[in-house]
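Colleague: From TrEMBL, here are the annotated features:
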- 71-332: domain 'Fatty acid desaturase' (DOMAIN)
- 41-60: transmembrane segment (TRANSMEM)
- 72-92: transmembrane segment (TRANSMEM)
- 104-123: transmembrane segment (TRANSMEM)
- 165-185: transmembrane segment (TRANSMEM)
- 234-258: transmembrane segment (TRANSMEM)
Amino acid sequence: MAAKLQPKGVPHSKPPFTVGQLRKAIPPHCFQRSFLRSFSYLAYDLSLVCIFYYIATTYIPTLPSPLTYVAWPVYWFLQGCILTGIWVIAHECGHGAFSEYQKINDVIGLILHSAILIPYFSWKYTHHLHHANTSSMERDENFVPKPKSKLPKYSKQFNNPLGRAIRLIISLTVGMYLYLAFNLAGRKHDRLASHYDPYSPLYTDRERLQIYITDAGLFATTPVLYKVAAAKGLAWLMCVYGVPVLFANGTIVLITFLHHCHPDLPHYDSSEWDWLRGALSTVDRDYGIFNKVFHNITDTHVAHHLFNSIPHYHAMEATKAIKPVLGEYYQVDNTPILKSLWRSTTECLYVEQDEVRKGVYWYRNKL
């Protein structure tokens, strides 16, 4: 039985099990990666993209003017959800979960991410750092919380319903791009840490060539989009492509935020952090029918942080297998997503030390 999250109720002491014991609990076939099976999911998603595109471009322009204001948002939502699923498949390429062949994984990941304006290798390497250092106050690379003393001066003015709404809108629209360009919400470095810069402090000398390749993928996409805009118009391009891509990237921000920013999840400094406790400091969420659309990254995220090379089509089985071993260390929150989003935005403002274990930090919101 999964533990229901309670204030300070999430276990944060050393677990009574090992990674090896968790691995043994998972059926061996769950670690098998099939190129054909993975590609079938990608082909299915791409076929839906084409179908929605055809319907939108063929029928929406023929609708009476008032109905187009309804039809286009419906298209944006549906197409954006499918593109989110494709984002997740590209994410699996970065983890080597798409197939057993890393070159195939990287080629497909580079194409998919470039098509939705995400720098593939740049994101891949910082995402690996996130998985290697989850919930570490010093080394995590994603949604790194701040202590109260390091909050921006304007935080108090934005700690109200209107301010939270503004923060949410910014995060879900341009948050992904601010993270990629300026490493906003990432770990602090001694200089600008941009995902587009091959010489960014985010990367090692061995990785810089692949950052150039990533930038080339984005540069190759840009003239295609320019030609489409020149031929069809910028408004057409935004309606058909731009808004769904913004929606998909915003959805990824939302999913990641809710996995790692929960009022009852701990963070650790170097005196307490270890890899297993960090990996367990995440929570599975229920998005209803969209769990399948998003290839179950939403409701199998705990297993994903423990064994990120397991492909999504085995993730549910792996999750069920490790639950008995994890016991109270497995966390799931089935609160409705919009309610959870507002709660985490409200309550996860900064962190402060645990009263007893000074290396453990909890979210707080009172300024």
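Glycine is no exception: its Cβ is also placed from the backbone N, Cα and C atoms.
Looking at the shown structure, what environment does each listed feature sit in?
Modeller: Outside the transmembrane segment (72-92), and at least 6 residues removed from its termini, the chain residues within Cβ reach (under 8 Å) are 38, 41-42, 45-46, 48-49, 52-53, 55-56, 60, 98, 105, 108-109, 112-113, 116, 118, 120, 127, 239, 243-249, 251-252, 255, 290, 293-295, 297, 311-312.
Residues of the same chain lying 6 or more positions beyond the ends of the transmembrane segment (104-123) and with a Cβ under 8 Å from any Cβ of it are 35, 42, 83, 86-87, 89-90, 92-94, 96-98, 176, 180, 195-196, 202-203, 207, 210-211, 213-215, 217-218, 220-221, 245, 248-249.
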Colleague: In the same chain, who gets a Cβ under 8 Å from the transmembrane segment (41-60) while lying at least 6 residues past its ends?
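Modeller: Result: 68, 71-72, 75, 78-79, 82-83, 85-86, 89, 108, 112, 239-240, 295, 312-313.
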Colleague: In terms of Cβ proximity under 8 Å, which residues at least six beyond the ends of the transmembrane segment (234-258) contact it?
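Modeller: Cβ under 8 Å, 6 or more out: 53, 56-57, 72, 75-77, 79-81, 83-84, 86-87, 116-118, 142-143, 171-173, 175-177, 179, 225, 228, 283, 285, 294, 297-298, 337, 340-341, 344.
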